[in-house]
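Below is one structure; the comments refer to it alone.
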Amino acid sequence: MRIAMISMHTSPLEQAGTGDAGGMNVYIRNTAEQLAKLGLSVDIFTRATRPLQGEVVELGDGVRVINCVAGPYEGLSKEELPTQLAAFTGSVLAFTRQHGLSYDLIHSHYWLSGQVAWLLRDLWNIRWVHTPHTLAAVKNNYLSEGDHREPESRRICEQQIVDNADVLIVNTDAEVADVEEGYDSHKARIAVVTPGADIEKFTPGTERATENARRALGIPLSAKVIGFVGRLQRLKGPHVLLQAAATLIERYPDMPIRVLICGGPSGSGLERPKCLEELAEELGISRAVRFLKPRPPEELVSIYQAADVVAMPSANESFGLVALEAQATGTPVVATRIGGLQAAVAEGKSGLLVDGQDPQAWADALGQLLSDDDQRIAMAEYAPQHAARYSWENTAKQLVELYRSLPTMPEEGPAERHPAGSAN
C-alpha cells in the first residue's frame, strides 16, 4: 500500500519545539517510519522552506519527504500560508506527474493540508483520511493574553474537511466530543487512534544517568528539578510554571528548587523567551531557572532524566506527547486536566492532574510531589509501564487496520476525468 501524507505547513525534518514544529512533526515522522516497517510506502509532501533543500529526502526504507516549492522559502507566517494552497497543490501534482506516481490513500495533517487533500482525493479518486491535530473551535475556547482568535475562515475550512474526508482521525474520546460539539459531524466517520512515544529511545535512566545529566546542565545533585519541554507559547503555560515556582521557592526556603525550560518561541501572544526571562526576573527566581534551546530526541532524554517531575500547564492539548516521553524515561508528570492529557497521564499513578492554570493550584501539586519522595518514586516506577501502552508501533498498527478497512473507490469517478498528476 502506497500512502501520500500531506503536511503543508511544517516538515517532519524540522526540530520539534521551534517555530511551528511540535508534536505533529514527531507524530508524522514516527508514524511514517513505523508504517514503512509494516510494509507500506509513504511519501510526505511538505512545503520547501530552504533553497538548498533537496526535493526528495529519504527518511529510511519506504519513507520519503518531498519538499514542494510554494511561495518564498522564508518570510511567510503560518497565517499567510492559505495564500499558497494552490501553489502547493500544483507542486504536488507536478511531482507526481513527473515521476508517474499513484497512491492508494491520502492521509492529511492539519486543516491546511486537509484542503489540499480534498482536491487531490477527487483528482486521484482514492480514499482520504484526515488528522486535525488542533481545531479552531477548540483553540478559540482557550485563548491567553495576547493570542489572536482563529479566523472564521479556518473553521469553515475545517467543517468542509469534516464533511468530505472519508475518516477523521482523532487522538482520544475527548477529541471526538470536541469535533461533535464544534462541528456538524457524523460520529460513525470519526476514528480514535492514540499517538505514541519512542519507548526504545525514551527509557528510564539509572541514578548515574541522572547525576551525569545534572552535572552536564550545572544543576546541583541535591536540587529538586521541575522540567518543561515544548514550544514557548502561552497556550503551553510556561508563565504558569514560573509563577508556581516562585510560590514553591518561597514556601520551601530550604529546598533547592530548579526549573528547566527547554523550547523555542512559537505562535502569537506574549510567549517570547525574553518575556519569560523578564517574568523570572520580576518574580525574583531568575537564578533558579535555566532556559535551554530545543533539542533532538536523543538529547531530550537527558533533560527528562535530570528532572524530578515534568510540568505541562497547558491551556489545551489534543494529546501531549511530552507527557508520554517523560513518563517513558521514568519521570512523573503534572499536567492540566484537559484534552488528551487526561489519557496521557495516569492520575495518581504516573502523575497528577490540575484543574486549570491557577499558579497556586500548580504550586500545590508540584510541591506535593517534590516534598514527598516516596510518592514521587512510586510514580516514577509506574510511569514507564503506563507509557509502554502508547508505542508508535501500536499507533501504526491501528492506522494500517483503519486504512485497509476502507472500501476502494468506484472505478467511475473523478479519476476518470483527472488521472493522478493531471491538472486537466
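Quick reminder: no glycine exception, Cβ is built from N, Cα and C everywhere.
Straight from Swiss-Prot, the features:
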BINDING   His9, Asp20, Ala21, Gly22, Gly23, Met24, Asn25, Lys78, Tyr110, Thr134, Arg154  1D-myo-inositol 3-phosphate binding site
BINDING   Gly23, Arg231, Lys236, Arg295, Glu317, Glu325  UDP-N-acetyl-alpha-D-glucosamine binding site
BINDING   Tyr304, Gln305, Ala307, Thr331  Mg(2+) binding site
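Tyr304 (Mg(2+) binding site) sits 28 Å from His9 (1D-myo-inositol 3-phosphate binding site), taking the Cα positions as reference. Around Glu317 (UDP-N-acetyl-alpha-D-glucosamine binding site), the same-chain residues at least 6 positions away in sequence with a Cβ under 8 Å from its Cβ are Ala335, Thr336, Ile338, Gly339, Gly340, Leu341, Ala344.
Ranked by CA distance from Glu325 (UDP-N-acetyl-alpha-D-glucosamine binding site), the binding-site residues His9, Asn25, Tyr110, Arg154 have Asn25 at the top as the closest. The closest partner of Lys236 (UDP-N-acetyl-alpha-D-glucosamine binding site) among the binding-site residues, by CA position, is Gly23; the full candidate set was His9, Gly23, Asn25, Arg154, Ala307. Local packing around the Cβ, expressed as the count of other Cβ atoms within 10 angstroms, is greatest for Lys236 among the binding-site residues Arg231, Lys236, Arg295. When the alpha carbons of Arg295 (UDP-N-acetyl-alpha-D-glucosamine binding site) and Asn25 (1D-myo-inositol 3-phosphate binding site) are compared, the span between them is 14 angstrom. Look at the binding-site residues Tyr110, Tyr304 and count other Cβ atoms within 10 Å of each Cβ; Tyr110 has the fewest. Listed in chain order, the residues near the Mg(2+) site other than Tyr304, Gln305, Ala307, Thr331 are Gly205, Thr210, Ala213, Gly227, Val301, Ser302, Ile303, Ala306, Asp308, Val310, Ala326, Thr329, Gly330, each with its Cβ within 8 Å of the site Cβ centroid. For Gly23 (1D-myo-inositol 3-phosphate binding site), the count of additional Cβ atoms within 10 Å of its Cβ stands at 22 [all protein chains shown]. Long-range Cβ proximity for Arg154 (1D-myo-inositol 3-phosphate binding site), meaning a same-chain Cβ under 8 A and a gap of 6 or more residues, is found for Trp111, Ala136. The two recorded residues, Gly23 (1D-myo-inositol 3-phosphate binding site) and Arg231 (UDP-N-acetyl-alpha-D-glucosamine binding site), show a Cα separation of 10 Å. Separating the Cα atoms of Tyr110 (1D-myo-inositol 3-phosphate binding site) and Arg231 (UDP-N-acetyl-alpha-D-glucosamine binding site) is a whole-number distance of 17 Å. DSSP gives Glu325 (UDP-N-acetyl-alpha-D-glucosamine binding site) a helix state. Of all the binding-site residues listed here (Gln305, Thr331), the one with the fewest other CB atoms within 10 A of its own CB is Gln305. There are 22 other Cβ atoms within 10 Å of the Cβ belonging to His9 (1D-myo-inositol 3-phosphate binding site).
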